[in-house]
């Protein structure tokens, strides 16, 4: 068996076309979605990622801006910028690029974002809504994973899913989304014993811990769906996933590559949530 490759680049491209059509329809009503991104400091990876978000937003007809603060910016300065964006009626969605410098509390900043503009889905209010099945902004990587699975017509009802990683950014929210689709979910983490035992029984595996080579061919049963969220740069700067891709694709039923799998879907869901934010505040959703 050779796995079906879940091509995040192509799926994202098709999805963005649908978003672009919706943006154009909104513009005809007099509304243009706007995404504002706060970047503190000059981390190369963060700067590159923020620029790619801006470019993607503008490509589908949105307005986007980067609010770039110095590495030495105080917490108060960051919070003041957030307050300005919260109160700016032209801004549909706000996200703060992490990590933040040590003098700025990430939690305090995330909690200061207006929940109605929180397109990353990290505000406690939106996290809470997710867990009681209310409409809300869902964190973008988990949302992108679910769209990949949906696009591939993967039926999750009654399936055994194993999620490796329990972060609030990926592991926990994607587990909740899988449960919403009636999967039976097991979460593994650094204290879990005999991970291979659980992996071998899984119909779906989502690995999101950033440990290259963690999931091997021997861990995966034939026909399983494998979603690799890992993107760790090696000594040459090449991104490596958590999964031994070349080996695992020989037994898996479907698999995401790294890069080009989950990554493009994450940025696409930032755009999706920005559009949703604009629709909701205009009473159109």
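Placed from the backbone N, Cα and C atoms, the Cβ positions cover glycine too.
Per Swiss-Prot, NADP(+) binding site is recorded for 165, 166, 167, 190.
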- Item | Cβ packing number for residue 165 (NADP(+) binding site), 10 Å threshold | 24
- Message: Quick check: which same-chain residues outside 165, 166, 167, 190 lie with their CB within 8 A of the centre of the NADP(+) site CB atoms?
- Response: 164, 171, 187, 189, 208, 209
- Message: Within its own chain, what residues at least 6 apart in sequence put their Cβ under 8 Å from the Cβ of residue 190 (NADP(+) binding site), listed in sequence order?
- Response: 209
- Task: Sort residue 167 (NADP(+) binding site) into helix, strand or coil using the DSSP assignment.
- Result: coil
